[in-house]
Amino acid sequence: MAPSSSPLRTTSETDEKYANVKWEELGFALTPIDYMYVAKCRQGESFTQGKIVPYGDISISPCSPILNYGQGLFEGLKAYRTEDDRIRIFRPDQNALRMQTGAERLCMTPPTLEQFVEAVKQTVLANKKWVPPPGKGTLYIRPLLLGSGATLGVAPAPEYTFLIYASPVGDYHKVSSGLNLKVDHKYHRAHSGGTGGVKSCTNYSPVVKSLLEAKSAGFSDVLFLDAATGRNIEELTACNIFIVKGNIVSTPPTSGTILPGVTRKSISELAHDIGYQVEERDVSVDELLEAEEVFCTGTAVVVKAVETVTFHDKKVKYRTGEAALSTKLHSMLTNIQMGVVEDKKGWMVDIDPCQG
């Protein structure tokens, strides 16, 4: 899938290495970039070659299943600029596979793994001046799969749109020490047999009420419990969770109600590499409150320590800082992503910034 020629030529011919952005002030907010990727296909067919087009609004039928019934998926991944000016993407194949799993659950037509990865590379290459300088942030990449064709009843869309846009970002959480979490015993994020295990667009707006209530009370984020028993922890609004006690690192299993995070998978492997016993199992609230350390993982948040957890009227403080495992794992992961150490895992996909 070759990129359309004129937009990429426009980008490569500019004399600017970087966009006009105050990189030191980046937060996790949208900064519109130059180009996006768009491809379409009919139900039962395959995606044809997509195009790099100017970033902007899209036209969509008011009868589309994405608008009426929430038939849509999204992914999130990042591109990094190294000190030797390489641009790298972290494990895009894993996002492609997760989108395919979600598409099967929502009866959608996904791009192939190769189409997905190539489209991500094209999008990054077209917007390479928006990849922040080393240590100043990352380019957050958001692939979307939308049921965009018109249909009135509840049914698979007759047409699908695969779209990728991006934005330079800084830290997701600005707190320097650790997160202060509220365990929500009122609302639930997912239930058995639902869509909690795929990155459906419908999973996220229902958590906003809980998140706003928590933030208004001074918390950083919300930790949800399982809907079946209300006794086991599941995940935050947009990231996975781990607890540490002794040499054992535990995280809830991805058995249908928890998103199988790419960062979660990577951190589990790194923790195992340095001698920790990693367990995927049900983790009760009682175990959470007795843990020595708690941290969360995700594309946006990377690896972030949890400083406190509040459940009802009980507040527990955890180990953070240089002595914390999360600090070591964060360093191990970001050193791979930024090219500080050799990528022996084969996780990174390099893009030549001189192409285009």
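Keep in mind that glycine also has a Cβ here, set from the backbone N, Cα and C atoms.
As annotated by Swiss-Prot, N6-(pyridoxal phosphate)lysine applies to LYS199.
Summarising the environment of LYS199 (N6-(pyridoxal phosphate)lysine), the number of other Cβ atoms within 10 Å of its Cβ, over all protein chains shown, is 22. In the three-state DSSP reading, the residue listed as 'N6-(pyridoxal phosphate)lysine' counts as coil.
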